[in-house]
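Notes for the one structure printed next.
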Ligand SMILES: Nc1ncnc2c1ncn2[C@@H]1O[C@H](COP(=O)(O)OP(=O)(O)OP(=O)(O)O)[C@@H](O)[C@H]1O
Ligand SMILES: O=P(O)(O)OC[C@H]1O[C@](O)(CO)[C@@H](O)[C@@H]1O
Ligand SMILES: [Mg+2]
C-alpha cells in the first residue's frame, strides 16, 4: 500500500506526481449522478464515484502484475483500449508487468499468457478486431480465479459486453471470498449499446457511421429502380440503438424496425400498407431492420426450436431475409412490379477500426480504468452523463439498456421517417406505466391513475 503526497497551488486542482507524469487528482468524494433530469421533490437518486487519479494509490508500481482479456463479439476500438491499458500503465504508473489473456475467459486456464509492452502494442489501434482474440462461453469462475491466484496477478482488466460484465462480477465475488488483494476493472464493450447506466459504449459511433455506407447503397439501388426497395439489416439483438441512430443520421430511411417496437405486416396501419403508400408517393423506399426485430413474427411463420450460442444467447432467425420474401410475396399478390435489394453489412460494421471520436473515448476509458485499479477499486468504468465514473458491477448487470418507445428519441425518429408507430393509444399508455413503475416515479398529475388515486384519498379523508 502506498500514498503519494500532493503538490498544491491555490488556483489549480491538486496534482499528484507519480512516476513520469503529473496528474490532476480526482477528489475521492466527487460523485456523478445517474440521473440529471429529475422531477421536483423526487429523491436524490444513485450517485457513482467519479473516475480519475487518486491521491492515495493502493499498489506499488513494481508489485503490479496486470492482465487484459477481451470477451464476446467484436467491436471497433478493442485494440485501442488494449493499447492504452498497456501504455497507460507503463507511462502513468511505471507498471511494466502486463499480460494478455488469449481468446476470452477460457484463455485464463487454457492458453499461455502473452507479455505485452508499449512497443508490442504500438500500432494495434489501427486494426479492427482484438489482437488478443475473443470467444463466447468458457467462463469457469473457479478455474479463472485459481489461475489469477497461481500467477500472482493483482489487476484484471476485462473488456466485454453485458455477459462479460456478469462474468467479471462473478470473478470479483470469488476474489473477495478468497480474500485476495486483486482489483477487477470491467470496461464495457458492445456495439449494440445495450449496457445499462452508461451513456454509450465505445465503438457505437463507428458502427453507426459505417452503417451509413450500407444505407447509402440501399438508397442508390432503390432509387435507381421502379418501385425499388432497399432493405438493410443492422445489429441489435435486444436493443435497436444502431438501427435508430443510423436511421436518424441518414435521413434516407423511410422505415426503421427495432426489437422494442413490435410491428405487424397486414391490415390497416401495418407495414405492407405503408410500403404501398410510400412507393406510390416516392417510387422507392429504404427500410432498416435491427436483427432482433420481428422475431416473434418469424417464429410464428417458421416454427424452429430455439438455438443458443456458447454463452447461452439465443441465435436469431434472419429477419432481413424473411422480410424480403414476405414483401416480395405481398407485392406479387397485389400484381405490383417491384425490385428489392437486401443488404446485410452485419460483420462489416463491427470489424473495422474505431473512428477518431471512439479512439479518444477508448483512451479515456482505459485511463479511468487504470486509475481506479491502481487505487484498489473493483468496478465497471463508464461515462455517465458526460463524466467518467466507477460503477458497481451489479448496476450494469441487472438490467439492459433499451430504446424507450415512449421517449422523445423514438418520437424524433417517427417524425423523421413518417412511418407508422404500429402502436395503439393503449399500447403507449401501457408502455409508459411499465416505465413509470420500473423507475418508481410518481403518478403524473392529470393522468387517469392520478385522478383515481386523488379522488380516493379525498373520499377517505371525507369519511374520517
Ligand atoms: N451470467 C454469466 N456469468 C458468468 N459469465 C458469463 C455470464 N454470461 C456470459 N458470461 C461469459 O461472458 C463471456 C461473454 O459473454 P457473451 O458471449 O454473452 O458476450 P457479451 O460480453 O455480452 O458481448 P456481446 O453481447 O457484446 O457480444 C462469455 O465467455 C460467457 O461465458
Ligand atoms: O455472430 P456472433 O459473433 O456471435 O455475434 C453476433 C452478435 O453480437 C452482437 O454484435 C453483440 O451482442 C449482436 O448484435 C449479434 O447478435
Ligand atoms: Mg451480450
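Using N, Cα and C of the backbone, Cβ positions are placed for all residues, glycine too.
Taken from TrEMBL, the feature active site, proton acceptor applies to 192. For 73, 136, 137, 161, 162, 163, 164, the entry in TrEMBL reads ATP binding site. The Mg(2+) binding site feature in TrEMBL is assigned to 162. Summarising the annotation, TrEMBL assigns substrate binding site to 190, 191, 192, 235, 236, 237, 291, 347, 348, 349, 350. Per TrEMBL, domain 'Phosphofructokinase' is recorded for 66-371. Marked as region 'Disordered' by TrEMBL: 439-464. Per TrEMBL, site 'Important for substrate specificity' is recorded for 163.
Everything TrEMBL records as a feature, shown here on the structure.
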residue : record                       : Cβ within 10 Å
73      : ATP binding site             : 20
136     : ATP binding site             : 20
137     : ATP binding site             : 16
163     : ATP binding site             : 21
190     : substrate binding site       : 27
192     : active site, proton acceptor : 28
236     : substrate binding site       : 27
291     : substrate binding site       : 25
348     : substrate binding site       : 15
350     : substrate binding site       : 23
Binding-site residues close to ligand 1 - of 163, 190, 236, 291, 348, 350, only those whose C-beta is under 6 Å away:
163, 190
Could you pull the average pLDDT for the domain 'Phosphofructokinase' (66-371)?
96
Centre the Cβ atoms of 73, 136, 137, 161, 162, 163, 164, go out 8 Å, and tell me which other residues of that chain have a Cβ in range of the ATP site.
71, 72, 160, 167, 190, 311, 313
Could you say which of the binding-site residues 161, 164 has its Cβ with the most other Cβ atoms inside 10 Å?
164
Distance between the residue listed as 'active site, proton acceptor' and residue 164 (ATP binding site) at the Cα atoms, whole Å?
14
Binding-site residues near ligand 3 among 73, 137, 161, 162 (Cβ under 6 Å):
161, 162
Should residue 348 (substrate binding site) be counted as helix, strand, or coil on the basis of DSSP?
coil
Near the Cβ of residue 162 (ATP binding site), how many other Cβ atoms are there if near means within 10 Å?
24
Taking only the recorded positions 73, 137, 162, 163, 164, 192, which have a CB closer than 6 angstroms to any atom that belongs to ligand 2?
73, 192
Going by C-alpha distance, which of the binding-site residues 137, 161, 163 is nearest to residue 348 (substrate binding site)?
161
Which binding-site residues are spatial neighbours of residue 164 (ATP binding site) here, meaning Cα within 10 Å, out of 236, 291, 350?
none
What three-state secondary structure does DSSP assign to residue 162 (ATP binding site)?
helix
Using Cα coordinates, what distance in whole Å links residue 161 (ATP binding site) and residue 236 (substrate binding site)?
13
